[in-house]
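Chemist: What Swiss-Prot records for ARG190, GLY191, GLY192, ARG193, THR308, ASN332, SER520, ARG581 is CoA binding site, and it gives sequence analysis as the kind of evidence. Annotated ATP binding site per Swiss-Prot: GLY384, GLU385, PRO386, ASP408, THR409, TRP410, TRP411, GLN412, THR413, ASP497, ARG512, ARG523, in sequence order, evidence recorded as sequence analysis. The annotation Mg(2+) binding site is assigned in Swiss-Prot to VAL534, HIS536, VAL539. Under the heading N6-acetyllysine, Swiss-Prot lists LYS606.
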Amino acid sequence: MSDEIFPVPAEWKKRAIVDAEKYRHMYEASINDPESFWRREGLRIDWMKPYTKIKDTSFDPHNVSIKWFEDGTLNASVNCIDRHLERRAGQVAIIWEGDDPSIDRKITYRELHDEVCRFANVLKARGVKKGDRVTIYMPMIPEAAYAMLACARIGAVHSVVFGGFSPDSLAGRIVDCASSCVITADEGVRGGRKIPLKANTDEALKKCPGVKSVIVVKHTGGAVAMEKGRDVWYAEEAAKVSATCAPEEMNAEDPLFILYTSGSTGKPKGVLHTTGGYMVYASMTHQYVFDYHDGDIYWCTADVGWVTGHSYILYGPLANGATTLMFEGVPNYPDASRCWQVIDKHEVNIFYTAPTALRALMREGEEPVKKTSRKSLRLLGSVGEPINPEAWLWYHRVVGDGRCPIVDTWWQTETGGILISPLPGAIATKPGSATKPFFGVQPVIVDAEGNVQEGATTGNLCIDDSWPGQMRTVYGDHQRFVETYFIQYPGRYFTGDGCRRDEDGYYWITGRVDDVLNVSGHRMGTAEVESALVAHPKVAEAAVVGYPHDIKGQGIYAYVTLIAGEAATEELRKELVTWVRKEIGPIASPDLIQFAPGLPKTRSGKIMRRILRKIAEDDFSNLGDTSTLADPSVVTDLVDNRQNKAG
């Protein structure tokens, strides 16, 4: 935890859309009179048939039902494209930056309209109808955005599967939502390496007899097999169709997309988002959290295969008529200056990335950052996991030169958009804290029995009432939706995250509740111990898990990756134990420290703690599915060098 407070800079108070007084006024209105508040905010998007009903929601476990703006009709692609054509047809909608730094493209709103209509007509020609599910398994290229918006235009439900997932994972997601059509590319490119997307698709489709059509975008030109009658080249089909396509009129509660997310148990859940409430919330959070002004160049580094890419590369920014940057590559290719070079090249004003990426770049030192200008930057954002204060301070001081506020955003695939975050012109920030709730969001902290905890406290984070961006169900399994989120603390949405609220009412996400350690009866979030370790000057990254301990119940097992060039010695191991004792207290002292050259991460950068827990428990006979790991070989090293070997 950092005690430092960073006040809102004076110039931000003047120019921000929301200042401190406006935040207080709007937040109170959103809680005290949600009907009136959301009636007004719903008008930020265009409706074909205006809504008269605002909110019809129940968190009662016997009748969980979430509906917003339910009698209104609209089309998401119209809100992202057509409504901007009168004023900004020639404005750049998407800047595409290729994996190769010499390749980029700029797509205007007029061009986006034509490309999306063409793609929509190709889908229709292949038999895709309103309500059909379409699986998109694509690299980060403009055609991925065209495909998503084309589905929205004709009322098909897209299910985007991250291009790093294995054929098995892809097959499971295709089967679960009964997709009849898959959109893919010949190959993807990341960090100079090719990813065989079409070959993976072919492998997956051996288990998916329901797929009748595969549309293939030619990206690298690599040789791929094409199955006659099923597979078509997108460019050939696009040449046959018109660049106009009338949008389908959709009910606010018609599905827009399904996105699969891992649960703590069982197969991935198909998180279902609908059209009206999601679009209102994505647009609104993008504008207020990032203080988006007309003309800003906005870059979110996520992949469209994750919810962050859906809400904050595509739907939110485009609904607001923004210029959004899509990046095919990785932060350290060809070298560790890549992100900062892209910011200079495209004069990016708002930059939104993940702590994992920042910690990796921190390891490389300041020089790769300092040799770039970054003078266009105005605002920095963090997403995906709690950001440790050390990384926050580096981000602020080194990347932002001490002049850019940081919005540390907390939300989930399930929430559709940001729930807790500073608004940069309204809320002073504390390194490591997501600070305050967004409009309409009522966080509560409860203990294990469900009792609401007041004031400064620690416990389980729940949300007390619905918001428009909330998921509506688990696709095809409403009972799982109810059991996962509404049974444990009846009448509340349970986030699965632990949280601390400080004496100023600021919220600090402490990690998943299943990442909580109980050491000698003391509760401790793994994020807290990790932050202490990473604060040591020789440590680049740390992950902490519990393991069975004869005396304490649970011991603390720390996996530590050192800064490049530092040696893993017994002296350093002892020094780190002393360091953590000093930072948090004796109760937090790691019992075992394993130096690790790398940690098992998914391709989106999340650490697979399940694997780390198994290794720490000396139980690696069943490590589960490791196909989603970016580098499965790190697991072998971790097992070989584990510190808790039996006997």
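Our numbering is plain: 1 for the first residue shown, then up by one each step along the chain.
Each Cβ is built from the backbone N, Cα and C atoms, and glycine gets one as well.
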Chemist: May I ask which of the binding-site residues TRP411, HIS536, VAL539 is closest to ASN332 (CoA binding site) if we compare their C-alpha atoms?
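Modeler: For ASN332 (CoA binding site), the closest Cα among TRP411, HIS536, VAL539 is found at VAL539.
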Chemist: Taking only same-chain residues 6+ apart in sequence, whose CB is under 8 Å from that of VAL539 (Mg(2+) binding site), what do you get?
Modeler: LEU533, VAL560, THR561, LEU562, ILE563, LEU576
Chemist: Translate the DSSP assignment of THR308 (CoA binding site) into the three-state scheme.
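Modeler: Once the DSSP labels are grouped into three classes, THR308 (CoA binding site) ends up as helix.
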Chemist: Nearest to GLY192 (CoA binding site) in three-dimensional space, by Cα, is which of the recorded positions PRO386, THR409, TRP411, ARG512, LYS606?
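Modeler: Of all the candidates listed, LYS606 is nearest in space.
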Chemist: Going by C-alpha positions, which of the recorded positions (ARG190, ARG581, LYS606) is nearest THR409 (ATP binding site)?
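Modeler: With Cα distances computed to THR409 (ATP binding site), the winner among ARG190, ARG581, LYS606 is LYS606.
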Chemist: When the Cα-Cα distance from the residue listed as 'N6-acetyllysine' is computed for each of the binding-site residues ARG193, ARG512, HIS536, which gives the smallest value?
Modeler: ARG512
Chemist: Give me the count of other Cβ atoms within 10 A of the Cβ belonging to VAL534 (Mg(2+) binding site).
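Modeler: So the Cβ neighbour count for VAL534 (Mg(2+) binding site) comes to 20.
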Chemist: In sequence order, which same-chain residues at least six apart have a C-beta under 8 angstroms from TRP411 (ATP binding site)?
Modeler: VAL383, GLY417, ILE418, LEU419, ILE420, SER421
Chemist: My understanding is the cutoff is Cβ-Cβ under 8 Å with a sequence separation of 6 or more in the same chain; which residues meet that for HIS536 (Mg(2+) binding site)?
Modeler: GLU575, LEU576, TRP579
Chemist: Taking the Cβ of ARG190 (CoA binding site) as the reference point, list residues of the same chain whose Cβ is under 8 angstroms away and which are at least six residues distant in sequence.
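Modeler: In sequence order, ASP99, PRO139, GLU328, GLY329, VAL330, TYR333 meet the Cβ cut-off.
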Chemist: Roughly how many Å lie between the Cα atoms of GLY384 (ATP binding site) and ARG581 (CoA binding site), rounded to a whole value?
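Modeler: Computed Cα spacing between GLY384 (ATP binding site) and ARG581 (CoA binding site) is 28 Å.
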